[in-house]
Amino acid sequence: MNTKVFIKHLSRELNRVGITLQTFKISLAAGISWWLATLITPHFYPFIAPLTAVLITDTTFKKAVTKAINRFLGVAGGVACSLFISQWIIPSGIAVFLSIFVGMAIAKTLKLHQDSITQIGVTVVMVLAFLHSGGYEWARIIETVIGSVVAIFVTIFPPHRRAGNYDTP
């Protein structure tokens, strides 16, 4: 059996049991992101970076970059709204409501992607929940960037001939 046939057969067998290149890449991106986040933001639990990597690692560079931009805009918007509203209202149901409402309204006005708009809501809840943790909001932005960069890098290496070669995880 020549090498090309062997690799094709091996790939088919691995896919049959759920081991795909995309599954490997997502897992790798998450692991690297966790590791980097612990180095860069050591005082926080590094869950945002690997979560971002899982959500952003994609089949094409363009899709990964688009997802990363949308996520970053949502995180930045959510952090900004949370910090703004929390200047006058302590973390509470009203603060969550106003922060999400204002953030999503601004995002809709700016015609941001729905992924960014949804991310604003998620970020508001997390930032207000951890507001008194000293710097959580900035760590969230940093970890989002870490996860996004790792996901984009892992998405493009190794390169594939075409996006259709990927299997879904």
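Any Cβ shown, glycine's included, is placed from N, Cα and C.
Unlike curated records, TrEMBL annotations are generated automatically.
Per TrEMBL, the features are as follows:
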type	residues	note
TRANSMEM	32-56	transmembrane segment
DOMAIN	35-154	domain 'Integral membrane bound transporter'
TRANSMEM	68-86	transmembrane segment
TRANSMEM	117-135	transmembrane segment
TRANSMEM	141-158	transmembrane segment
Top Cβ-contact partner of the transmembrane segment (141-158) among 32-56, 68-86, 117-135 (pairs under 8 Å): 32-56
Within-chain partners of the transmembrane segment (68-86) [C-beta distance under 8 Å, separation at least 6 from its ends]: 52, 55-56, 95, 98-100, 102-103, 106-107, 112-113, 115-124, 126-128, 131, 137-138, 140-141, 144-145, 148-149, 151-152
Tally of residues which DSSP labels helix, strand or coil - the domain 'Integral membrane bound transporter' (35-154): 95 helix, 0 strand, 25 coil
